[in-house]
Amino acid sequence: MNKKTIVVKFGTSTLTQGSPKLNSPHMMEIVRQIAQLHNDGFRIVIVTSGAIAAGRHYLNHPQLPPTIASKQLLAAVGQSQLIQAWEKLFAIYDIHIGQLLLTRADIEDRERFLNARDTLHALLDNHIIPVINENDAVATAEIKVGDNDNLSALVAILVQAEQLYLLTDQQGLFDSDPRKNPEAKLIPVVEQITDHIRSIAGGSGTNLGTGGMMTKIIAADVATRSGIETIIAPGNRPNVIADLAYEQNIGTKFIAHQSDRLESRKQWLFAAPSAGIITIDDGAKNAILEQNKSLLPAGIINVEGRFSRGEVVKICTQSGKDIVLGMPRYNSDALQLIKGRKSADIENVLGYEYGAVAMHRDDMIILS
């Protein structure tokens, strides 16, 4: 079975098909494709816009002032309508979904990042499709052009996706605005996002959503720099999601920088000063440096500093040499209690557990 992880972002224009409300027949077709891929073994994550449009329709298009508070009102009302629409359609295929409402702060904060990542992986590991939206009802600065485009790129990094699909009402990126120039040509492949590519991206799209082509270019830049292939494609093309998953050439493909895949992610994760030091024994040092293993509690000798789960800390040897920069799965107080113990003892000692490792290999940068 193909275990490729794909994040699919649906803009408001894709879900409404130009109407003032969610287009149920089109959403049904979207769900059919995702259900097919889900059953074929793909791991699919949905990032969905549409809450504000759904709220506006549910309230019968109220006359509201063009303020942040009005958008938050519509988002608060519409979010429940949006998730119900997804839930009912996936239920036809006996597929469960799990809702996450995120803001950029949830991903930039180290501990909340780890919690969000663990939740997403738990959902995927249990064959539940995550459905993610920006938490527009409480976010202020985030309700602006590009929130869910950028969010989808960060989610793709979060779940270590191979691909990100940005589905929109356009065929892809053109060399000029196709709505103004009938001679505009589709750009099928972008090897690198240059100033020229940015200059032809244009402005915002529809008035129902908050995203435009430029925000998709920014999202593609974030994703490809982290080794994630990104495709801008037409959301109304028949079978577009399944065809993309099976490598058909549709829309505009942004080539991922695969050589920088892991390092890019880690640069993004670890741009912070060290909050503490974990000293380990020689066995743990050899396991990390020579066998590419994670750090187990049994290998920890000492913990210095006060830090939260997910903050950046150093791992050093008994001689004091720094060998790793990384994010622990447990805070400093918990590590003090479980250091030197077997992983099987974690839950008995703490009353909870975030897994068998103190720091996962994926959350480490090797310094030496």
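Each residue, glycine too, has its Cβ placed from N, Cα and C.
Features of the protein shown, as given by Swiss-Prot:
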- Lys9, Thr168, Asp169, Thr210, Gly211, Gly212, Met213, Met214, Thr215, Lys216: ATP binding site (BINDING)
- Ser49, Asp136, Asn148: substrate binding site (BINDING)
- 275-353: domain 'PUA' (DOMAIN)
Please count the residues of the domain 'PUA' (275-353) that DSSP assigns to helix (H, G, I), strand (E, B) and coil.
28 helix, 19 strand, 32 coil
Suppose you look only at the domain 'PUA' (275-353); what would the mean pLDDT be?
95
In terms of DSSP three-state secondary structure, what is the assignment for Thr215 (ATP binding site)?
helix
Cα within 10 Å of Ser49 (substrate binding site) is the criterion; apply it to the binding-site residues Lys9, Met213, Thr215 and give the hits in sequence order.
Lys9
Counting Cβ atoms within 10 Å across all protein chains shown, which of the binding-site residues Ser49, Met213 comes out on top?
Ser49
Measuring Cα to Cα, tell me the gap between Lys9 (ATP binding site) and Asn148 (substrate binding site) in whole angstrom.
8
Using a 10 Å cut-off on Cβ-Cβ distances across all protein chains shown, tell me which of the binding-site residues (Asn148, Thr215) has the largest neighbour count.
Asn148
Helix, strand or coil at Lys9 (ATP binding site) [DSSP, three-state]:
strand
Sorry to bug you, but what's the C-alpha spacing from Asp169 (ATP binding site) to Asn148 (substrate binding site), rounded to the closest Å?
15
Which three-state DSSP class does Asn148 (substrate binding site) fall into?
helix
Just counting, how many other CB atoms are there within 10 A of the CB of Lys9 (ATP binding site)?
30
For Ser49 (substrate binding site), what is the secondary structure state per DSSP, taken as helix, strand or coil?
coil
